[in-house]
Amino acid sequence: MALLVEKTTSGREYKVKDLSQADFGRLEIELAEVEMPGLMACRTEFGPSQPFKGARITGSLHMTIQTAVLIETLTALGAEVRWCSCNIFSTQDHAAAAIARDSAAVFAWKGETLQEYWWCTERALDWGPGGGPDLIVDDGGDATLLIHEGVKAEELFEKTGELPDPTSTDNAEFQIVLTIIKDGLKSDPTRYRKMKKRLVGVSEETTTGVKRLYQMQANGTLLFPAINGNDSVPKNSFDNLYGCRHSLPDGFRRASGLMLAAMEVVVGGHVVISDKCNGFPILAAAHAHVTEIRPVQRCQNPLARDQYPVLEEIFSEAEITAGTVYKRGHIMFEHMRKGRNNGVFFNIGHFGNEIVILGLENYSGGKGISVKPQSGRWVFRESNTGIVVLCEGRLMNLGCSTGQSQRRISWSFRNRGIYQLYLEKGESNVMYEKKVYVLGKHLDEKEAGRGLGKVGSRLVKLGKDQADYSGMGNEGPSDPDHNRG
């Protein structure tokens, strides 16, 4: 695809796969709005006051139908929005088309190359000569990373005249980032510093992105305030297992009887869930193994009576191997090579580095044999056996299917909108420092409670004696911030 910005008849910039899909996208958005009461309640409550009037918001978050409802909530509150996806496979093209035509500048399509992905990220941050966005909605931290690396390069260039060197790293993706920054220095050597100056802050959605923020805070390089949305209570009530069932090759799905859904895994066969399993229960008669890196989660896991082998011990048995979040390179080439013939490997973490596909590519000199879009079979010459890898090792519930339920994601996305309000307006006129913030449980409960009426739900109110005894008051929060349960 030629990397040229297009414009709607109204002059709004965009680059999507097919703008003619906008009517289909609009229909799905209207259906989704009914199932996303959290965001719709946000529009009702805050829309009349237009709290984002004049604000520029850049989003780097999966460009799906559900995200479209979030984008149009931000615009309904007065914001001007530019958006890209945070994953090369997760865009729903009809959603991107509808938003590009009707609401916001969008640069996203399903199946981007890494070069195209970073071009889209750069375009989402490009607000012209007057600087960048006021706020960033980030998922994985790539928009935040580009600004931080850009500022670092500009300061070094001004001081020494040295340009970024893409050959200084063997990471192909970071080579692209450095090339973008290097080329930009030639036309505007202050571009990213102007962005930094204008930025009020960022909210971050996922584990690895949050870890990056805390690392920058610790070493003193964080350039603007950040809200950690990953560790909010509503966010932690969701998981990426939802929607994975329909991502598997059809024949395998029927044969195995596999269903992966929120808080349950049902299998007829061997399954391995590796790394950060969060204690997901495994139901039905299945040979299930969960490996875990965190001792507290290990002792809480409902399968504590079962064996807990390390991954290397059970690859040859597993029909399904699911990698999870934030541990770089925990499924390597040597692991996949030991896999059962036609075993399925997939990743429900955010990035493309949890399952190291480079080893397979180096071994075969190319890509796997396509089974269906975003699903490939890799054959090992020595044994003439093979494995199926979904979504090239990237986030498969959005890459191969349509992700999470709208009702579940509604409350998480409502919080994303609220985070922007707290960054833009401050909480009780607090000016945020260059630190990472987790909003208190009283705010989590306040935001969750605001939209309960939309789903026909009511809360029990404590009596005065009960509230005094618990020490939490009638309005909550139900637990103090120090309670980590």
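Start at 1 and count along the chain as shown; that gives each residue its number.
Note that Cβ sites are derived from N, Cα and C of the backbone, with glycine treated the same way.
What TrEMBL lists as substrate binding site is Thr64, Asp139, Glu205, Lys235, Asp239.
According to TrEMBL, the feature NAD(+) binding site maps to Thr206, Thr207, Thr208, Glu292, Ile348, Gly349, His350, Asn397. Other C-beta atoms found within 10 angstroms of the C-beta of Asn397 (NAD(+) binding site) number 25, with every protein chain shown included.
TrEMBL lists 240-403 with the feature domain 'S-adenosyl-L-homocysteine hydrolase NAD binding'.
Residues or ranges marked as region 'Disordered' in TrEMBL: 465-485.
Spacing of Asp139 (substrate binding site) relative to Thr206 (NAD(+) binding site) is 6 Å (Cα to Cα, whole number). A 10 Å cutoff on Cβ-Cβ distances gives Ile348 (NAD(+) binding site) a total of 26 other Cβ atoms nearby, all chains included. Around Thr207 (NAD(+) binding site), a 10 Å sphere centred on its CB holds 20 further CB atoms from the protein chains shown. For Thr64 (substrate binding site), the nearest of the binding-site residues by C-alpha distance turns out to be Asn397; the candidates were Thr206, Thr207, Asn397. Here the Cβ of Asp139 (substrate binding site) has 25 other Cβ atoms within 10 Å, regardless of which shown protein chain they belong to.
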